[in-house]
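Straight from TrEMBL, the features:
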REPEAT    166-200  repeat 'PPR'
REPEAT    378-411  repeat 'TPR'
REPEAT    566-600  repeat 'PPR'
REPEAT    742-776  repeat 'PPR'
REPEAT    778-811  repeat 'TPR'
Amino acid sequence: MKPFPLGYLSSRRNPAYQMASRPSTPYTEKPDSLYRRISLVGAPTDSVVPILDQWVQEGRNVDKRRLRDMIRELKFYRRYKHALEISRWMTDKRYSSLTAGDVATRMNLMTRVHGIEELEKYFNGIPQRLKNLDVYIALLNCYAHIRSVEKAEDAMQKLRDMGYRKPLAYNILMNLYYRAGSREKMDCLMHEMDEKGIYIDVYTLNLHLSAYAAASDSEGIVKILTRMESDPRIVLDCYAYAAAAYVYSKLGLVEKALEIIKKLEGLIPTSKRRTFIFDCLLGLCVSIGRKDELYRIWELYKKEKIFNKGYISMLSALMTFDDIEGAEMIFEEWELRGLSYNFRIPNFLIGAYCRRGHLGKAEALVNKGIVKGVDPPSTTWYIMAGGYISDNQVPKAVEALKKAISVCPPDWKPRMNTMVACLEFLERHSDVEVKDEFARSLEGKGVFTEIVRDNLLGFVKAGKSESRANCQMEENSIVSLMPFQISQWMTDKRYIPLTPGDVATRMHLMTRVHGIEELENYFKNIPQQLKDLDVYIALLNCYALVRSAEKAEDAMQKLRDIGYRKPLAYNILMNLYYLAGSWEKMDCLMQEMDEKGIYFDVYTLTLRLSAYSAASDREGIDKILKRMESDPRIVMDCDAYAAAANGYLKLGLVEKALEITKKLEGLIPTSKKRTFTLDCLLRLYAWTGKKDELYRIWELYKKEKILNKGYISMLSALNILDDIEGAEMIFEEWELRGLSYDFRIPNFLIAAYCRHGHLSKAEALVDKWVVKGVDPLSSTWFTLAGGYIADNQVPKAVEALKKAICVCPPNWKPRMNTMVACLEFLERHKDVEVKQEFARSLEGEGVFTGFVRDKLLGFVKDGKSESRANSKMEEDVEET
């Protein structure tokens, strides 16, 4: 158990890096407010400008202060595009003159929505009178956001030249250095602050403490802690002590760790973050191996109002000690509390029972939760599958795994040992239909790629060894099957000598597993004779993976220096430029390839085509398509035609898009990606409004073996056309096929019923599959909550939202409009217990921090406005 996230001290959650100020006073929204109308726009691709224009056309006032508040709120909900639209509308329509504060806010939004190049173009056009310190701090923050050290340093130098002498900008740059692992630069910056007499605040020192903690530098930690404790202006917070204690425990300095733990404990009476401190203390007790201290802290914790997160922390700690009896005792305490049922809590005991072979107890605990009306998440079924494997009850493991797959998130990957055991069981199974059905269930959630799924189906139909099928899956789904450990084992045990190819593979895996800093440390120690072209291409790819343009460019220069003249590395760098929206750099790279006579392959041209489509550049799209189609070496694929068709659609050129769509259709007979091509065609015909063509493609699709992904594509297309009758027909087809149940499929119909006000139909569809033993997803309950809101059945919406929270992923955030409506309903509710219970349910899955939750409970206890509580939550969430 990791008790304390060291990165917190340097994260953008730290208040030192919050560029946007929060509303100074709470407000209450009217039922028909501009805020309410905008909050109802769910899709990020939909524009809010028509809503703003309509508001003015109705003769309503435009409140500049309120617009700025809305921008901040939308930023909190990560609706950056909508926030940027409001910012632009304010000044473009001349309802508000542009201030330096507006410019700074817009710069931050523009970086997130359009990338750094668009931000730089915008910055160059800002009137000189508005380029004050706040604007240059915003520029620095934007460069720090994309981790561009060189440009951030240039912005910092401009601030120095303007006489800036406050800690905020220094902290932003220092945070960037921390994330880049540049401790020497951090020291230089702090030395500069000292020399210039710039106040070194708690955030500056926390950053240094975090750096020393990451490096396990106990001397550095002592130095910073001493400085913090001796400065009367510094109010020491829990994060500093927690980081220090964690590192001492990591270094085995138990007594030193205990000393710091006592200081951390001493902050509890006056802290606003008491529950956070208790959670840290529980984790630290585990780190130093002191179970007696763990129980002592728990007794203190119980004097507070403990919610689900606290029980999760305690049970996690007890599992580290393998204290199953203690865990049972804590679980009983939790049950007696009557908090919202969160399956992550019984999962600790279920896992412990499975490890010890007490499967009867584990099953009883699962069934107990189901009887309470709570659906087990995929993790619960997966724990059970592992337990059945260990107990050699493989048929039960297969059933549990199928249940896990039916409710798992998209692109989830199973563990190797459980998967292998299930496949070996199926290898011995004589019924090919059973094998076939199980393989399809794996496809339903994107567990494997289409190619892997087809290979697996081929193996089971041919009656070949599932172990061989598993080898094929490992090759294609390598990231999910612990390859990094295998790579290390190969060479550490000296069974296989290390080759440049092994090094390149390991570098890619190391970046994914341990991050870029570990990769760089590893790269420095690679013997020179192994650093060939493949290894430098791997280095370039790793930097591209973390979107570090500067370091990727350095790696590319090294490849140029050693005479590299093939398209692969250029394509990797070009893809990075594409993701960053750096069209000009893409053109420069292509020009370089042209000058050096390096072949433009299909990937090079498809990337540039995609960029022209993203920029809605018709001439560019036409130019690249013509070049591709006239080059006999280029084999046109579905990606290129799909990108072109999307671009033409964005430009409103429907006939041109249809022309390209027909060419895309022509690829089906020879394509290895037939289902992908068909999925693209369904989407394109839906966007062009061609329902007859959509159904024609569906008939072609039905000649293939359609699995869940195909039905999702068709229902999504019908959803675009709002063809509810067609969706019902396709849904019936899917039910008759008997494929593995994936609640994303009925979700399309449930959403359509909710939009059309057919709530009884939506409820019936949910109930139908609950009766069959299939658990709805959080998205299902949330869709229903939205339907109830629209139909003014807010009590039902509250209940549906609570069910969504019970099965939602950790740290999920509800949509603003549904949340606001539920809180407004609770505002009118007289029963404080109902309000408290709802607030607790929000805490159960980490929807809000304990601190924010306490604030909300305070508001509802005092009978204050939930709209005010909601506003307060937003303020506090930004702080934490």
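For all residues, glycine too, the Cβ spot is worked out from N, Cα and C.
In terms of DSSP secondary structure, the repeat 'PPR' (566-600) contains 28 helix, 0 strand, 7 coil. The average pLDDT the prediction assigns to the repeat 'PPR' (166-200) is 92. Across the repeat 'TPR' (778-811), the DSSP tally of helix, strand and coil residues reads 27 helix, 0 strand, 7 coil. The residues of the repeat 'PPR' (742-776), classed with DSSP into helix (H, G, I), strand (E, B) and coil, number 25 helix, 0 strand, 10 coil.
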